[in-house]
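Asks: Okay, so Swiss-Prot annotates it like this:
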ACT_SITE  219  active site, N6-AMP-lysine intermediate
BINDING   217, 224, 239, 268, 306, 377, 383  ATP binding site
């Protein structure tokens, strides 16, 4: 398939705010894609490169050849070029990578160059996130969307699922092919996510099931982990399905000692002090990211688990939470997250207050009769924090003045628009320490795309957790809302911009 066809569809998707129209355009493209190209096409319309990292930075895209007159690039050749770039290492690799990029862009038309720039920078912004692409795969294959989503949950990726569904002779064969994707110990599953509520009472009201007892978990201030155990072999994955097994030997040893031969557990890992209180999140995040043996030895991470997806040959994804917790208690023992089972909101509120006093983030209120809805913000999990917080994306940043002179300080905050792009909600420099100012100055200069007299404009990649006292109507920002007394809590390097809170979530919090 020509890259020009993908670029044309990307433009069509960007040109409409209608989710149905976006879905139809992508489905039409997928129907036309040859089987060998489907995985590449799916990645490109979702705004991603299959290689994830190619070594090309934004500055590499500033001085490239002009566009070609006629389209000639095949998506398979483009994918092979990016794969070759990703494999380059050692002396001379930067020069070789730049030469390969120049050759690729010289063969691309203006429309194709725009697509390639968006893929390399992660800034395609046409509103075709993975969930929409999965729905388009379902349309193209003529199968129910839940079948596709379930297969992608187990596969941990959209590409193989799309290829299997679209290669089938018809809808019945496609459903059969999709049913072949099952939970496999050793292969990461997309994690279930929680919706939000402003308080415990509201969380109870949102859950299905009426007066049935719920499970109230302490929400730990750590990093999300998913562990897979097959005998003595243990693998540890992050929220984004990155394999960090080699960086966390202490977690591997803890899981290896659990009394089960095969396990898939969902949980959190965090560093704790001598009194058992969580250390600052940035320390936990830095520890999980380091490959430095001395740093790793100086601070250990402790795993705590809140769900069990598989135990000794028994898949539990479709089992109700109460059954999964029974198995979890039997296999994970002291590594189980503290929880309360109750139908009394007042008791849950007391539990929430105690968790916050102990330095934790809050609680997650869970319906006990629901399955594990991997890859989705399921209706069965509702998180509650002691303050209003949002995970937003930094869109630009201003140079500081006074004590903050010389540092990039005042950050512009945006919520994700499901239709594409970001909606600005305000600015803040509140809550920033000197250490944070120094770190973000270096980080944001790496993300710079342009600048004017006052601000440095960024690739929208850095997620930041913001606390605020409320939301107010505002004509100053395009979303019609602004944050009141916004302040920085921490940078969330464990989250991508695609996982940031949406403008719809913000409007719900504002009561709109």
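We count from 1, first residue shown onward.
Glycine is treated like the rest: Cβ placed from N, Cα and C.
Keep in mind the model is a prediction, meaning the values are calculated, not measured.
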Asks: Hey, what's the widest CA-to-CA gap across 217, 224, 239, 268, 306, 377, 383, the ATP contacts in the record, in Å?
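Replies: Pairwise Cα check on 217, 224, 239, 268, 306, 377, 383 gives a maximum of 18 Å.
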Asks: Tell me the Cα distance separating residue 219 (active site, N6-AMP-lysine intermediate) from residue 377 (ATP binding site), rounded to the nearest angstrom.
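Replies: Cα-Cα, rounded: 16 Å.
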Asks: If one looks at the chain holding residue 224 (ATP binding site), which residues at least 6 apart in sequence have a CB under 8 angstroms from its CB?
Replies: 191, 238, 239, 266, 267, 268, 494
Asks: For a quick check of packing: other C-beta atoms within 10 Å of the C-beta of residue 239 (ATP binding site), how many?
Replies: 18
Asks: Between residue 383 (ATP binding site) and the residue listed as 'active site, N6-AMP-lysine intermediate', how far is it from one CA atom to the other, in Å?
Replies: 8
Asks: For residue 239 (ATP binding site), which of the three DSSP-derived states applies: helix, strand, or coil?
Replies: coil
Asks: Can you count the other CB atoms that lie within 10 A of the CB of the residue listed as 'active site, N6-AMP-lysine intermediate'?
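Replies: Other Cβ atoms found within 10 Å: 22.
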Asks: About how far apart, in whole Å, are the alpha carbons (Cα) of residue 306 (ATP binding site) and residue 219 (active site, N6-AMP-lysine intermediate)?
Replies: 10
Asks: List the residues of the same chain that sit at least 6 positions away from residue 217 (ATP binding site) in sequence and have their Cβ under 8 Å from its Cβ, in sequence order, or write 'none'.
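Replies: In sequence order, the residues whose Cβ lies under 8 Å from that of residue 217 (ATP binding site) (at least 6 apart) are 306, 337, 338, 339, 363, 364, 366.
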Asks: Enter the number of other CB atoms within 10 angstroms of the CB of residue 268 (ATP binding site).
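Replies: Summing over all protein chains shown, residue 268 (ATP binding site) has 24 other Cβ atoms within 10 Å.
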Asks: Using CB atoms and a 10 A radius, I'd like the single residue among the binding-site residues 306, 377, 383 with the highest neighbour count.
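Replies: Result for the most crowded candidate: 306.
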